[in-house]
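Down below is the structure, laid out as structure tokens.
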């Protein structure tokens, strides 16, 4: 409907799941919100609508638009050439990610560029950067074409770093808003069949029975009237809607991908009939379902219910749950940048590049709550970012014949443009906002907008690239970090220089637990993540080859350390108490390791993984036969786990037996002493 518009232990093994009680409470609150909304669509404003700029400035002030004409022309040219180079070389690939415990393909294709040695984690998937090339770097990890492309995107990143925090540019952004409104309002509105079709498509499904509200093998979508409908779905960002083979499903993190047809006339002035069918009013106040009352309010009064609503839902906000109580609750981005902005100058460390061609998609979901049109990317917050850091997005829409070797038919004379949609999180009272994007436009999500709001990407007719620059939270996601962790673990391994014999320096439980956790982190957060994505990185860039080889060597040393710990646990001469503590530590580590190895094996051999070409197919690595003499321990740890469990059971039984014996002996001695004393007293008498 339109109106007048991740301690290190937990990190290593993935994000912890929320408790069942929390999820149950979240579902109850979600249903309560849906009941309040009823069958109505929430209104939203576009540039042609009265009050659009006021809504932008009061409720979406963290959104800033940088028009294409305000970027250097030379930079545009280099960036566009870089995008097509990456596309032509096959660098854009779909990710096999995990959503709600199921493997699914992302509908969008993407590639990560950024600081050397940096990774970006989303949906149980760790992407490894192709390093962008700076003037100071003279590496040879990429060929000249790719190197030039990476450097161009680094130049764009530098521009964004210097521009996004420049508060003096506020007047320029505001002027862009006025130009945008004027340009679109000057266009004639196209009515008729197209309008009625759009209106019909925007209607919600009564029974949720169409193909877009059903679960499929590869993924699931959200229906407004389903119990599974989740305004703040953690997994609504990254994946985008799917093709026919991959089913329709929403995404949870990739900012700008995908395409589809959105009529240009949606940005024009609406007729009275369309105002009625889409709830298009100059002001809007929520009314119970079925009400025929038309009640207008100004934008200020529309936001009054938001504080109460956000307070009731604050504990169930997907992003930054621990910080939710600090939010303003006013349904808008905080207007005081000194208190909310990421401290210091912005340094975007990665850019996630996305590509999506609507011609290759058999279906895209309708935006279900506002009727904004077809979605390329569903409602989401960007995840795994430094708190309160901004996001900068460069958007490029392909022209006819611009699909880098992909054939295309000639489209209509006037194509639908891409738009970004925004809404206040957990809010059905404040109108949404849509912003059309012309090719070459950029926009910023500044201050706390990414925390208090959600955004989606509404598809246009043409294929589209986007470069989404962000400050990734990578305190545990850089090569330097994991190498330091390896050094920490291996510092407990001693090697005799003469005999080459290995031993553990310390058998303290805390030390043992620490290096076993690092062992699991290296294997499951780095080695298996890297090889699960097949040969994709070595095809384009050799940067990661040697570091991953070294990590695997360090991991082998940790396998040896586990073998030494096992030997210490099974050694009969160890003090019983210390032996039991070591066994408990070892058992916990081995059980986790066995479970995660099986999970990764299943993912590598899943039916979806088997559909990938050999160079992209997951590699089950590290893997070795149980009788491999070069490995200290077998791949399958079941037998060793049974041995350690049996040892613990015997230890517990022995302890219980000794305790029982000691108690019996103490009781016997006490009784004997009492009898002796009584006899002595009787004789004396």
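Cβ coordinates come from backbone N, Cα and C, glycine included.
Any TrEMBL annotation is an automated prediction that lacks curation.
Matching 144-165, 320-341, 342-363 against TrEMBL, the residues noted as region 'Disordered' span 320-341.
Taking TrEMBL as the reference, the stretch among 632-658, 659-685 described by the feature region 'Disordered' is residues 659-685. Mean per-residue pLDDT, taken over the domain 'Alpha-ketoglutarate-dependent dioxygenase FTO catalytic' (49-474), amounts to 67.
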